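Undergrad: Quick paste from Swiss-Prot:
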- 19-39: transmembrane segment (TRANSMEM)
- 52-72: transmembrane segment (TRANSMEM)
- 88-108: transmembrane segment (TRANSMEM)
- 120-140: transmembrane segment (TRANSMEM)
- 161-181: transmembrane segment (TRANSMEM)
- 198-218: transmembrane segment (TRANSMEM)
- 275-295: transmembrane segment (TRANSMEM)
- 323-343: transmembrane segment (TRANSMEM)
- 353-373: transmembrane segment (TRANSMEM)
- 382-402: transmembrane segment (TRANSMEM)
- 522-542: transmembrane segment (TRANSMEM)
Amino acid sequence: MVQRLWVSRLLRHRKAQLLLINLLTFGLEVCLAAGITYVPPLLLEVGVEEKFMTMVLGIGPVLGLVSVPLLGSASDHWRGRYGRRRPFIWALSLGILLSLFLIPRAGWLAGLLCPDPRPLELALLILGVGLLDFCGQVCFTPLEALLSDLFRDPDHCRQAYSVYAFMISLGGCLGYLLPAIDWDTSALAPYLGTQEECLFGLLTLIFLTCVAATLLVAEEAALGPAEPAEGLSAPSLPSHCCPCWARLAFRNLGALLPRLHQLCCRMPRTLRRLFVAELCSWMALMTFTLFYTDFVGEGLYQGVPRAELGTEARRHYDEGVRMGSLGLFLQCAISLVFSLVMDRLVQRFGTRAVYLASVAAFPVAAGATCLSHSVAVVTASAALTGFTFSALQILPYTLASLYHRERQVFLPKYRGDAGGTSSEDSLMTSFLPGPKPGAPFPNGHVGAGGSGLLPPPPALCGASACDVSVRVVVGEPTEARVVPGRGICLDLAILDSAFLLSQVAPSLFMGSIVQLSQSVTAYMVSAAGLGLVAIYFATQVVFDKSDLAKYSV
């Protein structure tokens, strides 16, 4: 009994909770990094054309772009015995596990189900790729919100996001390293099968272990029946009445979609500038990262992905893919180092200098990749992009925290030009029941709108509440509505949408550009050009109060 009590106290310690949460961060990044490395060559090998291959890679980001703001709002208002975040994390994790099963076994499943397996194999492979990309990237939004829920103190917030960035980099290192190993000749091959089956079997084992760690996270519990918002007389429904709750949820879901569109489109100018800068920076970096292994395999090693197994051309391509995986591994290793020293860099040089330096370093690295035919130079350039990767993982989110800590300065309330109708004529309903703004959560946190003032944050992080009350306003003219107080979870979802959107344009257009140019070097040229555009928009970001007057925000 004493031993159990000691273990329970140990697991509920702040550092233990931080490690348990970020184990899932590690697992997600391992799966995504291995997928980014291995999926494009796999699609090319089964006969998907270059332009269609890039479009397949855009399926997950497009779906995520639509669902991330909605999921962020739904998570803020969810109530259940397992908390607000973990049910969404577990549901998305199931999708990832399904994709890890489908991708290496698409041909085997297609052969079992139909006599002509080729079309079904392609369909199952595309389904698996889209599911992995969508669930893996969307899962980061409730995970970031869970960190913000549990680590609200400025010092703890800074530590939480530093560990978060560190675990992303560490997961990327392992995820890029695993495809670089020739598993066909390893000791695991007789037990796990081919290269693909060995790789994805290991990914499944790693991810299951990381998801199991979230069972020990001490998230807030349910508070009981939700109180209706002020001024509302919501009908009371028994908790066991599932059809009633389902009808209510679907009714509010239909009304919430246009409201979310309004919230995202009418975001404050400070956040809009940060969004555009992050979008351009991520677009450049993801164009580089998504197609780097294909560029090395075809461009540097002169391999052919559709060549027969055992031929010289195919062997060169496979060697190039493994060398490309090594370059991306070094990218994550450099990112890991910078995530450890990022706080010191910001304290020494300031957020503006570090952010601009990281964005400016990228086109230099991408340009060197375009111009050089040396494997060593290209690999070193890929490693240099880890600085940009680390900065984009940390600084935009901590700037968003700064905006919310001083929301009266950086996030002014917006009101329409015309006068509104009386409150009696409007009906407001919550999407899902949740605690009132300012009401304490069971773990002692205070919701958005609480009266407590937080102390000044350290260099990287400002604490803020992570719950946002997104209410659907029915029966009131659009111009009379007041944009509700924004919570950080919605704005984190918007920043995550920039990351997802940054993969859509490259996925849609890069394949056609490469086919027109007849050279995979077009991948790197496009990345360098987007990096130059990102430098301009990075100079327009609001880093402190002096920028508000400078940019007339």
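Quick reminder: no glycine exception, Cβ is built from N, Cα and C everywhere.
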Undergrad: Of the listed stretches (198-218, 323-343, 353-373), which one yields the highest count of Cβ-Cβ distances below 8 Å with the transmembrane segment (88-108)?
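TA: Comparing 198-218, 323-343, 353-373 against the transmembrane segment (88-108), the winner is 198-218.
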Undergrad: Are there 3 or more C-beta pairs under 8 Å linking the transmembrane segment (19-39) with the transmembrane segment (382-402), counting only pairs at least 6 apart in sequence?
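TA: No; fewer than 3 Cβ pairs under 8 Å.
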Undergrad: Hey, which bits of the same chain come close to the transmembrane segment (353-373), Cβ under 8 Å, at least six residues off its ends?
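TA: Hits for the transmembrane segment (353-373): 277, 281, 284-285, 288, 295, 300, 342, 345-346, 381-382, 384-385, 387-388, 390-392, 395, 521, 524-525, 527-529, 531-532, 534-535, 538-539, 541, 543.
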Undergrad: Can you name the far-off residues of the same chain, 6+ from the ends of the transmembrane segment (161-181), with a Cβ under 8 Å from a Cβ of it?
TA: 18-19, 22-23, 25-38, 144, 147, 199, 202-203, 206, 321-323, 325-326, 328-329, 331-333, 335-336, 339-340, 342-343, 386, 389-390, 393-394, 397-398, 460-461
Undergrad: By Cβ distance under 8 Å, which residues at least 6 away from the ends of the transmembrane segment (275-295) in the same chain are close to it?
TA: 36-37, 40-41, 44, 54, 57, 267, 305, 320-321, 324-325, 327-328, 331, 359, 362-363, 366, 369, 382, 385, 388-389, 392, 396, 494-495, 498-499, 501-503, 505-507, 510, 520-521, 523-524, 526-528, 530-531, 533-534, 537-538, 540-541
Undergrad: Are the transmembrane segment (19-39) and the transmembrane segment (323-343) close enough that 3 or more Cβ pairs fall under 8 Å, when only pairs 6 or more apart in sequence count?
TA: yes
Undergrad: Which residues of the same chain, at least 6 past either end of the transmembrane segment (19-39), have a Cβ under 8 Å from a Cβ in it?
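TA: Answer is 11, 57, 89, 93, 96, 100, 103, 129, 132-133, 136-137, 139-140, 143, 146-147, 150, 163-164, 166-172, 174-176, 178-179, 196, 199, 203, 206-207, 209-211, 213-214, 216-217, 289-290, 293, 321, 324-325, 328, 332.
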Undergrad: Would you mind listing the long-range same-chain contacts of the transmembrane segment (120-140), meaning Cβ under 8 Å and 6+ residues beyond its ends?
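TA: Apart from its flanks, the transmembrane segment (120-140) reaches 24-25, 28, 31-32, 35, 39, 42-43, 46-48, 56-57, 59-61, 63-64, 67-68, 71, 88-89, 92-93, 95-96, 98-103, 106-107, 109-111, 113-114, 496, 499-500.
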